[in-house]
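Asks: Copying in the features that TrEMBL gives for the protein in this structure:
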BINDING   T28, G29, S30, T31, D84, G85, A86, D87, K97, G98, G99, G100, K124  substrate binding site
ACT_SITE  E106  active site, proton acceptor
Amino acid sequence: MDQNALKKMAADRAAEFVEDGMTLGLGTGSTVHYLVEAIARRVQAEHLHIQGVSTSSRTEDQARGLGITMVGIDDVDHIDLTIDGADEIDQHFQGIKGGGAAHTLEKMVALTSAQNIWIVDQSKLVDTLGAFPLPTEVIPFGHTQVERRLAAEGLNPEWRRDDQGQLVTTHNGNYVLDLHVGKIAHPHLLAQFLDAQTGILEHGLFLDIVNKVVVGTPDGTQVLNAGR
Ligand SMILES: O=C[C@H](O)[C@H](O)[C@H](O)COP(=O)(O)O
């Protein structure tokens, strides 16, 4: 079974957690693409009244195009449930996100949400975080100084570039600095360090956030409860 089939399986299962009347946070990425399709099918078939809050223009455009009502994050007083993908999830349900450079908006939506579900294929489950380079979003002013500071700390920073070699920019017009840190033994300590760095708008460590993980496996979907 290919990876996309597993992503779709997880997305379809997670769409079942959507209830009539909910304000929903919608993440970003290839797995969320299947989720938005699955939610749109339910909205149409069951005449659900839901509204979505997006984490990227990609998701926003797709959801609107499929007939899902979308509202801005500053126009809602709460979000009931956010469903998003992830790049890595460890045994303690801590995660890395931002492979699509959307982690700042995703974290804002996740932290506003009463519940968070992540949808992944089984390859995203790891013992220890860090094989996936940790994304950080860096403001353009002084970005080289930020890179030097992180390099001096041994965090092996590398600017993310597109196929033409241009620096990737985020929704906010900032750059993405990926940290090749290897195994992250103490994610909270690293998060604390990165949170304190002037110039880093946000990093992709999502700690103590997710409530449930829906995993696509060749034997079917698994729903893992994080116990929070
Ligand atoms: O910035 C992107 C997001 O954090 C994605 O949710 C994450 O990269 C997973 O994406 P995908 O479902 O495409 O593997």
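Backbone N, Cα and C define each Cβ position, glycine as well.
No curator has checked TrEMBL annotations; they are predicted automatically.
The structure displayed is predicted, hence computed values, not measured ones.
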Asks: Using DSSP, would you call K97 (substrate binding site) helix, strand or coil?
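Replies: Reduced to three states, the DSSP call for K97 (substrate binding site) is coil.
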Asks: Other than its own, how many Cβ atoms are within 10 Å of the Cβ belonging to G99 (substrate binding site)?
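Replies: Around G99 (substrate binding site), other Cβ atoms within 10 Å: 21.
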Asks: Once the chains shown are all counted, how many other Cβ atoms turn up within 10 Å of the Cβ of A86 (substrate binding site)?
Replies: 24
Asks: Mind computing the max CA-CA distance among T28, G29, S30, T31, D84, G85, A86, D87, K97, G98, G99, G100, K124, which the record assigns to substrate binding, rounded to whole Å?
Replies: 16
Asks: Look at the binding-site residues T28, S30 and tell me which residue has the greatest number of other C-beta atoms within 10 angstroms of its C-beta.
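Replies: Sorting the candidates by Cβ neighbours within 10 Å, the top entry is T28.
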Asks: For K97 (substrate binding site), what residues in its own chain, 6 or more apart in sequence, show a Cβ-Cβ distance under 8 Å?
Replies: D84, G85, A86, D87, H103, E106, K107, P135, G204, F206
Asks: Within its own chain, what residues at least 6 apart in sequence put their Cβ under 8 Å from the Cβ of K124 (substrate binding site), listed in sequence order?
Replies: A86, D87, E88, I89, V215
